[in-house]
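Engineer: Here's a structure for you.
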Amino acid sequence: MTASTMALSSPSFAGNAVKLSPSSSEITGNGKAIMRKTVTKAKPVSSGSPWYGPDRVKYLGPFSGEAPSYLTGEFPGDYGWDTAGLSADPETFAKNRELEVIHCRWAMLGALGCVFPELLARNGVKFGEAVWFKAGSQIFSEGGLDYLGNPSLVHAQSILAIWACQVVLMGAIEGYRVAGGPLGEVTDPLYPGGSFDPLGLADDPEAFAELKVKEIKNGRLAMFSMFGFFVQAIVTGKGPLDNLVDHLADPVNNNAWAYATNFVPGK
């Protein structure tokens, strides 16, 4: 393990695929089982990019001060801010970085899923329930919940049926993202490429680096949006578009401050 780590950290391997050969214990039976792991080194981003490197944009601009030594600007979304020291340990940083990117992607999909049905319903498209936090209760209705409105696909009147479908749909994709599959191996679980990039958006390294920054920035906004949707649902019992319409109609009485000052515990 130590030798592999040293080999991967050597600059002479930058940009090349590194193959790790097995030990003798990995050779079993009548034939040889050779296990290889391909590690792809990210191509350096142009020094002119404002989002990477020591001269990148910081969280407070010129008033940010010096960033921690372990925040070098190598990864997208690094603004040099880590007052709690969450990124000081490399292994913890790698884990948290993966968690953030995955949550960003789900939050962007979730925010779209919260707003889009309401938007369609306001434009004449009929839904059983367009408000996101009420939609799940349709499985308890007399007709149940049909995937894509087609009872021959999944006619769900059970939370277990919904759960099973989600495990299959989400678990298969996540498993392929991490471990690869019949369509090809995955060298980077965060940015698998290949079948996950049919448009070839990652073909140009500099454009890809820019897209990574856009993804993490929009994803962070989406996570805050989802938090706001949850709070709105608890406080007002309405969806995000309904709350927006109410606020625009009467911004003085329909805002966060008004609801906070009118809140009485136990009522």
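Using the three backbone atoms N, Cα and C, a Cβ is placed for every residue, glycine included.
The transmembrane segment annotation in Swiss-Prot covers 101-121, 153-173, 221-241 and rests on sequence analysis. What Swiss-Prot records for Arg105, Val154, Leu183 is chlorophyll b 2 binding site, and it gives similarity to another entry as the kind of evidence. Per Swiss-Prot, chlorophyll a 3 binding site is recorded for Gln138, Leu148, Glu215, and the stated evidence type is similarity to another entry. Taken from Swiss-Prot, the feature chlorophyll b 3 binding site applies to Ser158, Glu174, supported by similarity to another entry. According to Swiss-Prot, the feature chlorophyll b 5 binding site maps to Gln166, Phe263, an assignment based on similarity to another entry. The chlorophyll a 6 binding site annotation in Swiss-Prot covers His247, Ala256 and rests on similarity to another entry.
Map the listed features onto the structure and describe their local environment.
Structural biologist: Note on the transmembrane segment (101-121): residues 127, 130-132, 135, 190, 215-216, 218-220, 222-223, 225-226, 229, 239-242 of its chain, located 6 or more positions outside it, place their CB under 8 angstroms from a CB of the stretch.
A sphere of 10 angstroms centred on the C-beta of Arg105 (chlorophyll b 2 binding site) encloses 16 other C-beta atoms.
A 10 Å cutoff on Cβ-Cβ distances gives Glu215 (chlorophyll a 3 binding site) a total of 17 other Cβ atoms nearby, all chains included.
Mapped onto three states, the DSSP output places Ser158 (chlorophyll b 3 binding site) in coil.
Listed in sequence order, Val235 are the same-chain residues at least 6 apart in sequence whose CB falls under 8 Å from the CB of Phe263 (chlorophyll b 5 binding site).
Note: His247 (chlorophyll a 6 binding site) has non-local neighbours Asn254, Asn255, i.e. same-chain residues 6+ apart with C-beta under 8 A of its own C-beta.
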Engineer: Say you check the Cα of Arg105 (chlorophyll b 2 binding site) against those of the binding-site residues Gln138, Ser158, Gln166, Glu215; which is nearest?
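Structural biologist: Closest recorded candidate to Arg105 (chlorophyll b 2 binding site) by Cα: Glu215.
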Engineer: From the Cα of Gln166 (chlorophyll b 5 binding site) across to the Cα of Glu174 (chlorophyll b 3 binding site), what is the distance in angstrom?
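Structural biologist: Cα-Cα distance, Glu174 (chlorophyll b 3 binding site) to Gln166 (chlorophyll b 5 binding site): 11 Å.
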Engineer: Counting every protein chain present, what is the number of Cβ atoms, excluding its own, within 10 Å of the Cβ of Ala256 (chlorophyll a 6 binding site)?
Structural biologist: 12
Engineer: Measuring Cα to Cα, tell me the gap between Glu215 (chlorophyll a 3 binding site) and Ser158 (chlorophyll b 3 binding site) in whole angstrom.
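Structural biologist: Per the Cα atoms, Glu215 (chlorophyll a 3 binding site) and Ser158 (chlorophyll b 3 binding site) stand 35 Å apart.
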Engineer: Can you give me the same-chain residues 6 or more apart in sequence from Ser158 (chlorophyll b 3 binding site) with a CB-CB distance under 8 Å?
Structural biologist: Ile139
Engineer: Could you tell me which of these binding-site residues, Gln138, Gln166, Glu174, has the greatest number of Cβ atoms within 10 Å of its own Cβ?
Structural biologist: Gln138
